[in-house]
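What TrEMBL says about this one:
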DOMAIN    90-212  domain 'Phospholipid/glycerol acyltransferase'
TRANSMEM  12-39  transmembrane segment
TRANSMEM  308-327  transmembrane segment
TRANSMEM  333-352  transmembrane segment
Amino acid sequence: MGVVAWLKSLFVLQLLIGFVFVVSGLIINFIQLCTCVLWPINKQLYRKINTRLSYSLWSQLVMLLEWWSGTECTLYTDQATVDKFGKEHVIIILNHNYEIDFLCGWTMCERYGVLGSSKVLAKHELLKVPLIGWTWYFLEIVFCKRKWEEDRETVFSGLNRLRDYPEYMWFLLYCEGTRFTEKKHQISMQVAESKGLPKLKYHLLPRTKGFTTTLQCLKGTVKAVYDVTLNFKDKQNPTLLGIVNGKKYKADLSIRRFPVEEIPDDEKECADWLHKLYQEKDALQEHYEKEGCFPGPTIKTKRRVWTLLNFLFWATLLLSPLINFAWDVFVSGSPLLIIGFMIFLIVASVAVRRLIGVTEVKKTGSSYGNTEAKKEN
């Protein structure tokens, strides 16, 4: 292990990074709360301010991927498609197989200038997660309980509200509804068989309602659908904890652009189009499994320095008083102050670990496969 790798593995450094993220996030959330007074006066100004505030938080996670772990992202697409990145409203369809798939998506958003304005159809439970859920709330993220009768009004109103969004947005959809596991895959393929649909090997059966509704509500705003299929070199199974420990991964993303004009307007035909798309995604994953790469030309995108500069700004602002305070505590020799500070460190480490736990495959709760859930699909 080299010196740099050893330093990245030190718990104290990881805790300091977590401290910067959590405290800066709370500051950002407070500023976002204060901006709410702008909504009735100037909605678009409110949105532009919150887009930049969210960038300041999310880019710290992108910094971990790009600069701390050094993870590489290679695109398999053509230059004509890349030339449109960040210049149009789009829907992103991404496979949901890995703990850091969202982070790879955010990295592409950052490199093409749409990280702050990126959107997602998120499960309602995430609204209660500090920092993440709170920031998303101020960004007008659409939350759903994955029960259509309860979600219908909320989803329609939330999506329609985004039609006049002033910044180019990438709207991420995990059409599978939950992260891939072998158990969920078995259940999903039983559903596919019962519905007479082709079985998938590397994906769950897509839930079409979210896609058809999003496309219907944002038609006239979004110009295209980007199908993104993600995999990792050497059969790596990346985790957010691995990123925090400085482990380097090599991500490959196959990206295909479909103009909305090519997608059927009829809901059933649109659903059939999505099922066909997932069969094609499965074929892409099969090709990757055999060849170790996706078909087509490759494009290497460069990381930008802004994520690093943003983190250094927050680290300089927040770590200097923390280090001075810690020094004063230990110099004082007061057992009560020292014990109190140690308790603070323990609580902080537990809080950071719980935030990381939100992304872990083995801890991602889901009703997938329950009788009720099946009826909703």
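All residue numbers here begin at 1 and follow the chain in the order shown.
Yeah, the Cβs are placed from backbone N, Cα and C, and that goes for glycine too.
As a whole-number mean, the pLDDT of the domain 'Phospholipid/glycerol acyltransferase' (90-212) in this prediction is 92.
Each residue of the domain 'Phospholipid/glycerol acyltransferase' (90-212) gets a DSSP state, and the totals for helix, strand and coil are 58 helix, 17 strand, 48 coil.
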